[in-house]
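Sequence annotations record features per position, and here Swiss-Prot assigns ATP binding site to Gly169, Gly170, Ala171, Gly172, Val173, Gly174, Lys175, Thr176 based on similarity to another entry.
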Amino acid sequence: MRLTPNYDYEVSSIDKKKRGYIVQIIGPVLDVAFSPGMMPSIYNALVVQGRHKQEPNVTCEVQQLLGNNRVRAVAMSDTDGLMRGMEVIDTGTPISVPVGGSTLGRIFNVLGEPVDQLGPVETNQLSPIHRSAPPFLKLDTRLSIFETGIKVVDLLAPYRRGGKVGLFGGAGVGKTVLIMELINNIAKAYGGVSVFGGVGERTREGNDLYMEMKESGVINQQKLAESKVALVYGQMNEPPGARMRVGLTALTMAEYFRDVNRQDVLLFIDNIFRFVQAGSEVSALLGRMPSAVGYQPTLSTEMGSLQERITSTKEGSITSIQAVYVPADDLTDPAPATTFAHLDATTVLSRSLAAKGIYPAVDPLDSTSMMLQPQIVGEQHYKTAQRVKQTLQRYKELQDIIAILGLDELSDDDRLTVARARKIERFLSQPFFVAEIFTGSPGKYVSLAETIRGCTLILSGEFDDLPEQTFYLVGTIDEVNAKAILEEEKNFTK
């Protein structure tokens, strides 16, 4: 833990720090006693000094004032080896992390310490992870679309530049792969700076993402300053305190690029549910009474303190894309339900589509966006999206009849609707760049104009004579024709 505070705070020498000692340890929670009149503030960072030089210091964050000159703090790392009576130093500031261009290409933990074995970070700029949201007068309310190159997203639930997007899905439906593809596409198309916050997810996925970024050139190990992303990890094997605060560490780094460098920044958080889950663990350890489904009573407040800082100002923007695990595929669970209120667009991943092998498994009817309005996206985009949704909705309504009576019992119009809906469903699948090594198919970036053209042609009946499998895992509509010709040639040679 760095004891030099950020530019927002006055520097005080170590001799003037308030000192206390541990009186109780309950797992990752410590009770610390201080002298009268020397109590630390809520959210201050405390450092437990190791008794020997080789012992690492443990950083904690003050969560409660207990009275009798005692505070309760949550540790950001393992508390193994700590004992009652050990000395604790109040740093006088919240946890402060390095910010600026020197963070690009590096991997950090919740304390802002590099964990990539590439040496210390060359910067004197530190910033506290607890800050207020920007005032209303500084906010930027302009509306513009953020093209991702993913057909189903750009057409039916477009993302807002400087907005917040949620990727909702249960276990194993493709949230992390979709986030990795978005990082890849956006870095290539826009060349902007990104910050990735790995909150309580698998260490293997964090390693895969790092390797993928090195291969694609998003991280340049020869010239780190030319890298486009900073990575902040608090994985699922870490204490709840680290998982609860790692999202704020990533956000603090993104805020610096927005406020000081005046850049447009992308903030990826995987997974926002783990942030809530860690808060629930900490809340129980602090002795608070749980609320609905066992979540912390402060769920809305904690979510708001993170989400309200993710916004666009007149200096720059933060566009946030957050994966949201949905427990038992229940969207009414308090964790995803609380997240919904803060989002501009929701991309819902469907297990039934994943079971059909349609990837990305984005549910075109459940996914929504406040940007899908004719005055924002234009009449052609809006009308095409509505016609696609109407066709898919009618197909969904007819599925029970098809399951019981079969396709032959439908009217000619309904049979045509079902055929076109199945082609659209498959056309909205897409090979991903980050999944090339698994699928063997090269990834495709499809412009919004091409997506609209393709769906318009399918709906108008231009491809009614082609089999639906030719629409599966292609990029533009022109590739469908090429695929159909290849299949005809194969059948002819047989």
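Just so you know, glycine gets a Cβ as well, placed from its N, Cα and C.
Because the structure is a prediction, the values reported are computed rather than measured.
Overlay of Swiss-Prot feature records on the structure.
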residue: Gly169; record: ATP binding site; Cβ within 10 Å: 28
residue: Gly170; record: ATP binding site; Cβ within 10 Å: 16
residue: Ala171; record: ATP binding site; Cβ within 10 Å: 11
residue: Gly172; record: ATP binding site; Cβ within 10 Å: 10
residue: Val173; record: ATP binding site; Cβ within 10 Å: 26
residue: Gly174; record: ATP binding site; Cβ within 10 Å: 22
residue: Lys175; record: ATP binding site; Cβ within 10 Å: 26
residue: Thr176; record: ATP binding site; Cβ within 10 Å: 21
(message) Quick check: which same-chain residues outside Gly169, Gly170, Ala171, Gly172, Val173, Gly174, Lys175, Thr176 lie with their CB within 8 A of the centre of the ATP site CB atoms?
(response) Tyr325, Leu349, Ala354
(request) Please classify the secondary structure at Gly170 (ATP binding site) using three-state DSSP. (result) coil
